[in-house]
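**Q** Got these off TrEMBL a minute ago, pasting:
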| type | residues | note |
| --- | --- | --- |
| SIGNAL | 1-22 | signal peptide |
| DOMAIN | 145-222 | domain 'GHMP kinase N-terminal' |
| DOMAIN | 291-345 | domain 'GHMP kinase C-terminal' |
Amino acid sequence: GYGSIQLAGRILGLLGVIQVAATSARSACSQTSPGLRRAPTLHRSLRLRPETRIVPKSGLLRGMKRLRAAAVDVESEPWELDAFSPSKINLFLRVVGKRPDGFHDLGSLFQAISLGDRLRISRLEEGAKDEFYCDMPGVPTDDSNLVLRAAKLFRDRTGIKSGVKMCLNKTVPAQGGLGGGSANAATTLWGLNKLFDFPATQEELINWSADLGSDITFFLSSGTAFCTGRGEILENVPHLPQKELFVIKPSKGLSTPLVFKNLNYSELSQEDPRSILRRFYTTTDSNCSDMYINDLEPPAFRLYPELKQIKDVLEEFKFEAVLMSGSGTSLFALGEPQSAPEEVFLAEMQKMKDDFGLKIHKARFVNRGPGLGDWYEPVTL
């Protein structure tokens, strides 16, 4: 064999994730392509995939040098398309009821925000296998990844045969209710459509995206949309006034199915989603925090009581609104703190960082233009 579990632990501590392929990578960016997959995290499972092995100690230094060289090559390589992939918040989320298919009917106002990832794409020759690299440990790089699934869907629907090479730099946290993976898939569909000279219409991209997941459709909107059904039925609504916000994400996540499984239907708001939507465009009352409703907060707080504690602290700073996004565990605080300067707020969040593994991001609303070639732009705050 290649050593004990203790050796594996030391190697993972040095490299984070060991990736050794049965065949050499086609290029630096194919480092984590389907032929070169990331080894599973050993503290969760000691089983190794058939194509993955732990390198012997004598090969550790060579492996480190190869990975460092690959990272440099990924960043220095020219790319045909370099796109921003945003995230989203739910300004309100009503669970209307459970459907016969087991999903839930929702009514929600989605807003794209400037907390986002970076996706770069280049075309390969016809018939070439897709190559995919991601810099965030734990993100799957096999065919289960939404980016690769979106690329396959795009080819299936357009008849294009070319492979693509893609590099994803992740910032949006997983299991945060921010739609990061869905945005990556939507960005892939839009990016490939642009690279191949727009073989699909906007309506076709929206219709195709529903086959991949509920939230993907939203990111193909203008960036502000009222979504119903499972979230895939899209209604563009006027852009909202520009606002800044803080996104607060504890290290612990919750799975969406688990949150829905713990719904207590007697706790659901009874307010009509369209009535709430109208209030976002008609109210002039500065004290309008009751518009910000998320029916998934009670089950999420039962599963993760500390999340409610974090929200309670945020509310002490008198933001315009504090709400959980999606199924959690991200919270957002809209506007600026009114009860203390921003520096005091950030200092308080820093005190809680060790207890909850908090990450705090400052962001603002973003939207895209109406043209097929228009997309979201990164924002520096």
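For all residues, glycine too, the Cβ spot is worked out from N, Cα and C.
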**Q** Per DSSP, what is the residue tally for the domain 'GHMP kinase C-terminal' (291-345) in helix, strand and coil?
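**A** Once the DSSP states are binned, the domain 'GHMP kinase C-terminal' (291-345) shows 23 helix, 9 strand, 23 coil.
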**Q** I'm checking region-level scores; what's the whole-number mean pLDDT for the domain 'GHMP kinase C-terminal' (291-345)?
**A** 97
**Q** Determine how many residues of the domain 'GHMP kinase N-terminal' (145-222) DSSP places in helix, in strand and in coil.
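**A** Grouping H, G, I as helix and E, B as strand yields 41 helix, 8 strand, 29 coil.
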